[in-house]
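Asker: Have a look at the structure that comes next, please.
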Amino acid sequence: MNQFAPLSIARNYSFASSTVAVLRRQSFLIRALGRGIHHKVDSTIGSIMQETEADAVSIIRAITPTLDPTRHKGQAGRIAVIGGCREYTGAPYFAAISALKIGADLSHVFCTKDAAPIIKSYSPELIVHPVLEESYSVREEERKQVSVKVVAEVDKWMERFDCLVVGPGLGRDPFLLDCVSEIMKHARHSNVPIVVDGDALFLVTNNLDLVHGYPLAVLTPNVNEYKRLVQKVLKCEVDDADAHGQLSSLAKQIGGVTILRKGRSDLISDGDLVNSVSIYGSPRRCGGQGDILSGSVAVFLSWAHRDSVAADRNPTILGCIAGSALLRKAVSLAFETRKRATLTTDIIECLGRSLEDISPAR
Ligand SMILES: NC(=O)C1=CN([C@@H]2O[C@H](COP(=O)(O)OP(=O)(O)OC[C@H]3O[C@@H](n4cnc5c(N)ncnc54)[C@H](OP(=O)(O)O)[C@@H]3O)[C@@H](O)[C@H]2O)[C@@H](O)CC1
Ligand SMILES: Nc1ncnc2c1ncn2[C@@H]1O[C@H](COP(=O)(O)OP(=O)(O)OP(=O)(O)O)[C@@H](O)[C@H]1O
Ligand SMILES: [Mg+2]
């Protein structure tokens, strides 16, 4: 079945101010809550589900905005990454720079004070906010006050963001994760789409209410993160013989969030259809590819939510399909020349060509 047939998106749309963007996201929420679920009975296994290889190329072409000289800075997307701590500075950088390379106008990183100068030194393109604090730097009696300050620092920007990526290189410090929980609640209150990755998946797996029932949330688990989610939510082990059915049940149990299960094929579901993206990437599994994916999904989510997508297609799903396909194509381009030496930075360098081959800039 051609999943893409009913989709029509006006490519020449005009971008809206952040307030209008918020209203649009609200109207999507209303549509998402009212949307019916279409099932097909798979008679061979008797379970109710649908699956399909997504027509990713058409989806990317449809949701990538044209480069319009009348637009101003910010209208092609403002992304924020919440992540970066003493141990990890690469992951938030990979996510944030990928968003810019794909076409977002502005990319922010909210990280700990230790991580900020390092991330800034990787690139002058990123707007880096040294606002997060870990337990070791805050006395017990100051925690409440510091937490309020941290959340306020992010909150003053919140309405301007088209998407948050929470988790790449965040670490697992309990105080830091408490602050990030509050940031996620504020993002949800402002109807900002959230891509939950890396250590934020650890946080969310233990605090499902943070995303339960929020259709603008995307979880992007790798093999370990998926296993933990399945064990926690479905109270069983991962069953690869019923990969699609299990993914669909998991998304449904978390109230219709979208899950992008990373692997040999990326599987994407909001509890309704299961879409797969199997474009060949490479046999190289260097760390950081998931971070590129989170930045890529964030950009396509922000584009997909900007205009009226087909009423019966979830723009969050479309953003995930586009983000996954673009990354996988970039991986294959990087591997063509770099082979075993392929690194995350090589893949990032191929993001532009990957998109250009599919949706040329005019
Ligand atoms: N260049 C960079 O900066 C990159 C940084 N990266 C960043 O690394 C972070 C972890 O992501 P990952 O993908 O390694 O997590 P994953 O496969 O679940 O873990 C593997 C094993 O390690 C363990 N473990 C992990 N963290 C732990 C902790 N804080 N404390 C204790 N245990 C911990 C974990 O144990 P478990 O949770 O199963 O108990 C599992 O067995 C995340 O922030 C990511 O963004 C990557 O994006 C790559 C590039
Ligand atoms: N076995 C595989 N075969 C082909 N592609 C894969 C395979 N596993 C993962 N990928 C691809 O690599 C991308 C990153 O997935 P991966 O599982 O490495 O994420 P991750 O562990 O979160 O990465 P990171 O190191 O950035 O944290 C996914 O989009 C997926 O397309
Ligand atoms: Mg990861």
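Placed from the backbone N, Cα and C atoms, the Cβ positions cover glycine too.
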Asker: Please state which member of ASP55, ASP68, ASP105, ASP291 TrEMBL lists alongside GLY169, ASN222, VAL223, ASN224, GLU225, TYR226, LYS227, ARG228 for binding (6S)-NADPHX.
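Answerer: Answer, per TrEMBL ((6S)-NADPHX site with GLY169, ASN222, VAL223, ASN224, GLU225, TYR226, LYS227, ARG228), from ASP55, ASP68, ASP105, ASP291: ASP291.
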Asker: For GLU225 ((6S)-NADPHX binding site), write down the residues of its own chain that are at least 6 apart in sequence and whose Cβ falls under 8 Å from its Cβ; none is a fine answer.
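Answerer: Expected: GLY198, LEU201, PHE202, THR205.
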Asker: Pop the Cα-Cα gap between GLY169 ((6S)-NADPHX binding site) and GLY288 (ATP binding site) into the table, whole Å please.
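Answerer: Counting only the Cα atoms, the answer is 10 Å.
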Asker: Using a 10 Å radius around each Cβ and all protein chains in view, which of these binding-site residues has the most neighbours: VAL223, CYS286?
Answerer: CYS286
Asker: Provide the three-state secondary structure of GLU225 ((6S)-NADPHX binding site) computed with DSSP.
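Answerer: Reduced to three states, the DSSP call for GLU225 ((6S)-NADPHX binding site) is helix.
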Asker: Check the binding-site residues GLU225, ASP266, ARG284, CYS286 for any whose Cβ is under 6 angstroms from an atom of ligand 2, and report them in sequence order.
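Answerer: Result: ASP266.
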Asker: In Å, how large is the greatest distance between any two Cα atoms among GLY169, ASN222, VAL223, ASN224, GLU225, TYR226, LYS227, ARG228, ASP291, the listed binders of (6S)-NADPHX?
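Answerer: Largest Cα to Cα distance for the (6S)-NADPHX-binding set is 20 Å.
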Asker: Where the criterion is a Cβ under 6 Å from an atom of ligand 1, which of the binding-site residues LYS262, ASP266, CYS286 meet it?
Answerer: none
